[in-house]
Amino acid sequence: MQGSVTEFLKPRLVDIEQVSTTHAKVTLEPLERGFGHTLGNALRRILLSSMPGCAVTEVEIEGVLHEYSTKEGVQEDILEILLNLKGLAVKVEGKDEVIITLNKSGAGPVVAGDITHDGDVEIANPEHVICHLTDDNAEISMRIKVERGRGYVPSTARIHTEEDERPIGRLLVDATYSPVDKISYAVEAARVEQRTDLDKLVIDMETNGTLDPEEAIRRAATILAEQLDAFVDLRDVRVPEEKEEKPEFDPILLRPVDDLELTVRSANCLKAEAIHYIGDLVQRTEVELLKTPNLGKKSLTEIKDVLASRGLSLGMRLENWPPASIAED
């Protein structure tokens, strides 16, 4: 089999071996040499870190104020109960968060199947043990908040945002949202006709039961394809930053000379020379102003001092003066 150097083999055989409802092996072959590790490592990382799922994030247990306590009639302490609740495999349809409840009395184990929930919630491991009640008079009641998310979010990451509103007795739980429990891959040799240097990728995956292994592979491949799609067309798609339009002139130059609060004599002399704006004034030199009728050295000194207090001076050069907004007036 000899193809173009620009053509790459695509897997023609995809085999899914369903070991159990939560365990599957997916085999893809043939792959070009090296592509087994390239694709296997990328899919493995996505499956571990980027699969959305649901997890317990908050718990309220009747009669319990903090996690470092115990409850009468319950074999486990509160920390151990919270640890067991982290192992709940919950699937929620159509909602980002739900509240489920657990009420149990009498001696014996308390399991996930004892939890009360509506039709939007499915518990994939109903036999999962949460705690044990030690006598017939013992009882436990709790409200459990389940949220949708991705990856791992420790409870400490939510303390600063929720502490002010969180009432006493509401316990935070580290949330592991990923439905994938274990994932590994192996690359084996594959052969197509005379070629014996090809790869076969075998992905071995276990989930918590809320996500089918085949669907997990499909989602991971979709995420990878969407991320790589940006590299197909390398045009610069950045939104150009809007540059702030700097005014052509300092706003103070556009203000009328009346704003300088000069004496009546000085102000009248400037108006007689058609000097209406501060921008008009700063372009005049001392010699030019002294030629103005009735404007003497005392008035000149006043004008210079007032301009200096505003960071201006006489004899300035202003390109493109006057601006259109003034010229139209």
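Every residue gets a Cβ built from N, Cα and C, even glycine.
Database features, via Swiss-Prot:
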type	residues	note
REGION	1-235	region 'Alpha N-terminal domain (alpha-NTD)'
REGION	249-329	region 'Alpha C-terminal domain (alpha-CTD)'
Taking only the residues in the region 'Alpha C-terminal domain (alpha-CTD)' (249-329), give me the average pLDDT of this model. 81
Could you count the residues of the region 'Alpha C-terminal domain (alpha-CTD)' (249-329) that DSSP puts in helix, in strand and in coil? 43 helix, 2 strand, 36 coil
